[in-house]
Each structure stands twice: as C-alpha cells, then as structure tokens.
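K.L.:
Sequence annotations record features per position, and here TrEMBL assigns transmembrane segment to 26-45, 57-79, 99-116, 123-143, 149-171, 191-219.
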Amino acid sequence: MLGLRFPDENGLTPVSLHFSVVRDTAVTLPVILVIVWVFLMIAATSNGVNLTDGLDGLATGTSVMTFAAYILIGVWEFGQGCAVNPGPKCYDVRDPLDIAIVAAALMGACFGFLWWNASPAQIFMGDTGSLALGGALAGLAITSRTQGLLALLGGLFVIITLSVILQVGYFKLTGGKRIFRMAPLQHHFELIGWGEVTIVIRFWIIAGLCVASGLGLYYGAWVST
C-alpha cells in the first residue's frame, strides 16, 4: 500500500498501477490486484532464490549478475527519464537512480559474501539471506517497471523453480515416478556425477546468458519504441 502512495512532484509513485514488462504497459490493474500481484512476485522470487541456494556460491553469483543488470537499468532509466529527457521513449519511473544505487549496494554485498561462500564455503546464506535477496530482486523489478523482464533476467531462478514444480507434479500424477533424479535441478546433476564447482560454473554461464538476453530485450524494446 505504501508503494502506491507518496507521489513525487511529477505524480509518480514507487509502485505503478500498470502491469509492466520492460516498461509500463497499457494494462491498468485495480489496487487490490496490484497488491496481490506484488505479494505473488515477492513470494515467487524469494522462493526461486531460496531453491537455487543449494550449492556453494550458486545463488550468490547468480544474484550478482542480476543485480548488475538492475544497476544498468536504473542508470539508463535515469538518463532516459521523462523528467530529464522528455520524449516518446522516456521512462516514467520514480527515482531510477536510487534503484541503481540500491542494486549496486546489494551487488557489492553479494560480492563480499561470495568470497567466503565460494566452494569450499566457509559461510552459508541460509533462508534468511536467500529470501531477502529474492525479495530485493522483486522490489527492484516492481519499482523499475520491469516486472515481466525479471523472469528473463533471473532465468536461472525460474528454471530451477520449474524443475521443482515439474518434479512434484509428475511425482503426484504418476504415483511415484520422477523426471529428475532429484530436485532442485542442481542436485540432479550432482547425482549423475557432475562436480559441484562444474555445476556452479555452468549454471553461472546460463545465468549470464539470461541476463544478457534480458538486457538485450530491454534495449531492443527502447530502440523499437
């Protein structure tokens, strides 16, 4: 509710009533649906990061790349904001530079944590850290008007979450059969003989490709506007 209040001098609030993909769309939601949608986004993203936090450095390294994307998005939206650079392509986003600063702080915290969390880990994130990182990512997506884009920027989180949903659903439908040897997906590869570091690095590559694809889509949408 607070995100829908306290407009700035341009009438912009931190949370928009519009559904967004790479920017606000023409789809306007009732206030109650916006609140429900925000809760669902935070819950889904938090659990996605939490499920990814199963191998040393995996969730932390993936979060670093996703937060880096939001630094670029925040800086870009500031430079192309309607208050700074009005025009048909400008962004109506409340305080985009603050979004970039928050993303940079979170990325820096993850970098420092990753030094000790890389294999063999000396410290562990646990539910407290992973759920908080997921909530922060959802918050950045909501305030930067890139709600749909988060599914691509955080593509690895989506893949791992889907592996759990598919495993559980298939298990119940077939009376005990499994798609993967174990879910979440990273543990399936452990059981087929991949080393932990190999899995983490290869999953980081996938995460990096998702982030690059998301940023490419974001910029492409701006060019084509």
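For all residues, glycine too, the Cβ spot is worked out from N, Cα and C.
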K.L.:
Considering only the recorded stretches 26-45, 57-79, 99-116, 191-219, state which has the highest number of Cβ pairs under 8 Å to the transmembrane segment (149-171).
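P.N.:
Answer, by Cβ pair count: 191-219.
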K.L.:
Among the recorded stretches 26-45, 99-116, 191-219, which has the greatest number of Cβ pairs closer than 8 Å to the transmembrane segment (57-79)?
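P.N.:
Result: 99-116.
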K.L.:
Would you mind listing the long-range same-chain contacts of the transmembrane segment (191-219), meaning Cβ under 8 Å and 6+ residues beyond its ends?
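P.N.:
Counting only partners 6 or more residues beyond its ends, the transmembrane segment (191-219) has Cβ contacts under 8 Å with 22, 55-58, 61-62, 65-66, 68-69, 72-73, 119, 146, 149, 152-156, 159, 181-182.
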